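Student: One structure is given below, represented as structure tokens, and several questions about it will come after.
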């Protein structure tokens, strides 16, 4: 029986077994199925079933706009899987910058500017650094030579590191945090060490850590300090991590706060342990975000398996390590990218491994409940530092568990596609929700070492149909299949379950014989004139920002914003389709120039990009505030909140004067 003839209730049960991209494709097959993404009740059922922990689902619970938010998440995932963003634009020129939680913080000419890109802000908060330092740090008033380094942004709080040299040439540093919404200082603290310093905070607590404690074995260990935002005082305790962990945040170690817990995870440990241990595990810990939390670190039991040393040699320059919360299950996971010579093969391959982070109490309290616990006796399962040390030691010669093929995503290798050198692939991303890896690569069209051409490179995979699963069962019954090695058997199982797309580039190549003016200008947006080299970036689940330009002190970099979210609209951004028509370019081809895709036998356009019109719950011209207020807290008293600081003001966003960018919705 045709789906269009089935009762409404039966169709709603059927689509629960499809992923979001398949639901989007199904709704486009005929007009009678468009209600799948337009009807309130069924849209709510799909979103609550498939992605209840996503930002779109959270927004829908507040706004009751379930159909709009369902279409928004489908289009976001389709844009990422199709390697085709919705918007690219140069948003600023900066000396140094930070991109966290959808907010861009950057410094230029001794001014710090904060711009909320996820909310399409048309204004940005401007901080006069000199005036801020005059109020916050008395020692800064006598010096004109100093450095300010941005560290973190979350819940309206900007954390930065101020450093200057004393007359005896010794450097001294302060951690400075302030609330950009209220214009109030949060804390100022002189720090003894700035080695690999990081900051994380939520509504109630702020933590910073340094890789500065030197143990008896002469290794450096992490130490973490905490600040109570509500009580406005530093915690008397500190946490000294009793084992060696990685030192490069985002590559070998990761620290994050999720649901009232502070987590740390690393893919490296002491060399002596690795040499005797054939099975390696992630070094992982957590503690509750409470006033007594630093006394109560916990470790997973059993340890979280990472890899078997027999799997092959690793090129550790390509590490990617990131924690995230699964949008469909709410499970905390870690994704790691490794470039390996698996099972002694000639060609190295990048593989993306996703692993669930589980502790003995996987049903831990949510943030609100945890914050009410204020004593160590109330923290269940707490362990001492000595117990933490013993639990973190790897178990020698244990039998490695079998890998789940759904959590193993083979990437590219030299045998199947052109591999870039690490210097030409500075930014690497992985989006688990849509099984896609992305790189920002420097792919020059000539051999000139000064030439630069930044492009987006990536590939995704999709589950195979039932026919592929039947072939898998038939193949597994053959004698040859039963004689495969563990790595070959895993690769065959992954290929049976998933269809891997080709590695594609965006934007398309420029035809040198008949160059398309619109495409040439699109490449210019990604490669701003006068800015070359020193490429670095930051990314999240719906956008990324990268910079290119001078690496000299005080040198400027161009910041380019790439959005996968159709609801993000930056004021004044040109429509790429209209622009191409105005310059006389050929018709837009949706498969290669900025159009989102979903997957069938081959990638096809998803809704032709005429899909951003009903997704903007907040039009850029009506942005009420450059910084979001939802979920933020005011750590000052009620009398302080009504005061405004003289070092803070609001100005039109800098990108409105740059005028360099395109959007691809129409």
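The backbone N, Cα and C atoms fix where each Cβ goes, and this holds for glycine too.
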Student: Can you identify, from 367-403, 404-440, 441-477, the stretch that TrEMBL calls region 'Disordered'?
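Tutor: That would be 441-477, per the region 'Disordered' entry in TrEMBL.
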Student: Per-residue pLDDT averaged over the domain 'F-box' (1-46) comes to what?
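Tutor: Computed over the domain 'F-box' (1-46), the mean pLDDT is 89 on the 0 to 100 scale.
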Student: According to DSSP, how is the compositional bias 'Basic residues' (455-464) divided among helix, strand and coil residues?
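Tutor: Secondary-structure breakdown of the compositional bias 'Basic residues' (455-464): 0 helix, 9 strand, 1 coil.
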Student: Of the residues in the domain 'F-box' (1-46), how many are helix, strand and coil by DSSP?
Tutor: 33 helix, 0 strand, 13 coil
